[in-house]
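Annotated features, as they stand in TrEMBL:
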ACT_SITE  Asp131  active site, charge relay system
ACT_SITE  His208  active site, charge relay system
ACT_SITE  Ser544  active site, charge relay system
DOMAIN    122-601  domain 'Peptidase S8/S53'
DOMAIN    380-454  domain 'PA'
DOMAIN    683-789  domain 'Subtilisin-like protease fibronectin type-III'
SIGNAL    1-26  signal peptide
Amino acid sequence: MGRRGAGRVFLLALVLVLALQTPASADKKPCVIFFQDFPANPSARLATITNDFRILYEFRAIRGLALQIDGGVLTLLERLPGVLKVIPGSLLRLRTTHSWEFLGLAGSGRETAAWSSAAKLGEGTIIGNIDTGVWPESQSFQDDGLGVPKGWRGVCDNGSDPTFQCNNKLVGARFFSAGLQAELWLADDRGSLPSKEDLSSPRDYVGHGAHTLSTAGGSLVRGAAAFGHGTGVAAGGAPRARVAAYKACYAAGCSDVDVLAAVLAAVADGVHVLSLSLGPEEASDYLSDPIAIGTFFAAQSGVAVVCSAGNSGPRPGTVTNAAPWMFTVGASTMDRDFPAYVTFGGGLTIEGQSLGASTLRLGKAYPIVSGENANAAYQPANNSSLCLADSLDPAKVTGKIVVCVRGENGRVEKGHVVKEAGGIGMVLCNDAGSGDSVVADPHLVAAAHCSYSQCVHLFNYLHSTENPSGYINATDASFGVKPAPAMADFSSRGPNAVTPQILKPDITAPGVGVIAAYSGAVSPTELPFDDRRGVRYNIMSGTSMSCPHVTGIAGLLRTKYPTWSPAMIKSAIMTTATTVDKDGNPIQDETGAEATPFSYGSGHVNPVNALDPGLVYDTTLADYTNFLCSLKLTQNPVQDLQGNLPVGLPVNYSVPVNLLLPLFNAAGEPCACSQGPYGRPEDMNYPSIAVTCLSGSTTVRRRLRNVGAPGEYRVTVTEPAGVKVTVAPDVLGFGIGEEKEFTVKLDVVDAEAASNYAFGSIVWSDANRLDAYGSGVGKAHRVRSPIVVKTKCG
């Protein structure tokens with residue numbers, strides 16, 4: 001498909017105004033403004049404050065505008081009659097096919113039947129991806145045997161690139177950059193502006209978008225490999241789904257203004273599942289986050305929204321994209337790795353990971369030097385130990401293998417520093433904080449990335465030997481690695497910094513060493529000194545990679561259950577997740593300790609079980625509204641309230657008049673807090689339970705809907721330390737489609753034991769169900785919800 005209708009209005013949802021190409025308004029700040037009612041003449045309304053502004057986008061579907069305006073008048077904008085919210089724009093960051101076999105979808109038997117028959121490989125579902133664009137020539141987007149999808153209303157806007165063509169697989173593409181250009185002009189960072197070619201088409205000049213979109217919905221491609229490693233069948237989670245690319249990100253990052261525009265365009269175009277492998281550096285309240293506002297509208301319009309949790313782990317409280325209507329995904333490992341071996345000291349060998357471009361001659365010993373002992377003149381040893389740019393002395397490293405410590409600069413960049421200084425190989429060693437989490441990268445020299453526990457042996461050897469020597473040997477992919485899955489160290493962790501009553505992340509999925517399609521225009525490392533091009537498939541790691549795994553699974557569920565709400569799809573995936581690895585042991589974190597729900601949420605995704613969940617938690621618009629109105633985050637200067645409301649409404653505060661929120665239902669109407677009380681945040685009908693500041697006892701409520709055969713479910717409780725849990729009733733009988741309510745009472749019996757979070761769960765199961773002849777019926781359903789409790793406040 002070529003370009004058609006590129007300038008049209010997206011069903012009045014969005015008007016794309018000419019992006020900035022000159023510094024005419026370089027000192028103006030991008031922002032988003034929401035109104036009670038969209039003005040008949042937005043420019044005239046704004047002109048009552050200032051004439052010095054530029055409208056970037058009109059968001060008519062949610063009564064909003066994106067502007068470029070002097071930051072000094074933002075407070076005046078907030079006081080305009082009928083204004084709900086003014087939000088300054090900000091920059092977001094990207095979060096960078098054996099995985100489907102590991103998840104149990106590819107292979108043989110029941111798993112393959114679940115993928116190809118029950119879920120039809122995602123046929124009929126349209127997946128949208130907001131990222132850096134797409135490489136349409138990739139085999140992962142071939143349309144063999146696919147027809148035109150029903151309900152698609154979008155376009156293929158190829159901009160100024162006539163070679164960019166869509167087809168019956170890649171059904172649509174758009175691009176957005178006005179917000180990013182405004183941000184970079186404002187910051188006087190013109191050197192980071194994307195090229196003219198990059199700005200003027202949906203083609204991917206970064207590689208991130210092609211990788212994530214093909215992971216979610218790429219076609220089946222045999223013989224795919226990354227640098228000759230891991231050869232197999234590359235496929236997205238929903239390989240017969242149609243896909244659409246919304247380019248709102250570039251090498252310099254993403255503007256939340258552009259991402260919001262892309263979200264609204266995707267909803268108007270008719271996508272069913274939306275994937276966002278991007279996010280802010282830290283979480284912000286939901287009414288001040290344009291992405292939370294846009295995805296709320298998407299969810300209310302029936303679009304399931306899947307987001308990455310972030311790559312700021314393992315520090316606690318770093319998870320972002322934490323709104324309850326977002327499906328937030330952490331990252332974990334698979335049972336495949338790409339081993340590289342470092343042999344030294346007369347036969348001692350440690351194992352690491354690598355996709356190095358070359359290996360040293362097997363059996364030949366080369367001198368080894370620690371970067372710490374190879375510092376250049378006027379460079380401190382701590383810089384050279386990290387192999388930072390210009391920190392190594394060529395006289396000390398030429399012809400040698402250099403040992404570098406992880407941190408500060410990029411993993412591949414360290415190898416480049418070694419190469420530039422004359423080194424012939426690199427051992428990249430984790431520090432204690434990085435633990436045992438290692439990554440296979442396409443290094444520029446022979447290399448091995450080794451865990452902290454492995455590197456202890458190497459450093460002991462270096463410190464005890466006068467002339468240390470050894471060699472590096474890399475091999476092809478290895479399978480059956482244990483333990484798997486395990487949490488990646490970089491995966492952002494809970495608790496949820498905005499609303500700790502909502503457990504985040506929601507789930508974890510494979511995000512380490514993922515092979516998927518790539519861009520032919522960029523090097524596999526995206527680094528300026530890497531001149532390799534034309535890479536068809538690349539291996540990447542991050543919550544950016546785990547997010548589209550869940551997107552693809554959501555696409556399968558959308559195909560099998562087309563009438564389900566996004567919350568029902570999310571519940572099915574969460575409540576069927578597993579908290580044990582392939583050997584039946586608890587999932588571990590990067591240190592080898594048992595991971596917690598703050599790492600994996602409900603657990604590791606299990607797509608086969610998700611396709612037959614038995615029961616689901618459905619979260620309605622009323623649930624979300626009650627949740628939002630119970631929070632202390634509504635700092636909303638609606639003009640007709642005269643500014644008399646307190647800043648932050650307390651729980652159970654009765655609002656005398658409607659307090660309109662900048663969150664919009666499917667009809668584009670703002671949600672309202674009117675006559676309370678609204679209950680408590682922890683009472684929202686969510687598939688997990690989290691209670692903080694618990695003193696004495698409390699009772700939370702939940703509702704379950706039967707989406708399977710009639711049956712009786714009994715509950716099993718695993719109590720958090722120091723807390724007694726009572727579920728009532730403890731048996732629920734369901735007819736077809738019936739919904740039942742239950743309560744969970746939490747009694748503190750040892751406050752100290754739960755002072756800094758304790759974890760448990762409830763599981764509803766129909767394991768004893770019988771047919772009319774008294775025989776067991778099929779596989780039992782297990783509907784699991786984690787419980788998180790903290791007795792200490794703050």
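Heads up, the Cβ atoms here are built off N, Cα and C, so glycines get one too.
It should be emphasised that the depicted structure is a prediction, and the values quoted were computed from it without experimental measurement.
The DSSP breakdown of the domain 'Subtilisin-like protease fibronectin type-III' (683-789), given as helix, strand and coil counts, is 1 helix, 59 strand, 47 coil.
Cα of His208 (active site, charge relay system) to Cα of Asp131 (active site, charge relay system): a distance of 7 Å. Non-local contacts of Asp131 (active site, charge relay system) by the CB criterion (under 8 A, 6+ apart in sequence, same chain) comprise Leu94, Asp204, His208, Gly209, Thr212, Leu213, Ala245, Tyr246, Lys247, Ala248, Cys249, Ser275, Leu276, Ser277, Leu278. Mapped onto DSSP helix, strand and coil, the domain 'PA' (380-454) counts 22 helix, 18 strand, 35 coil.
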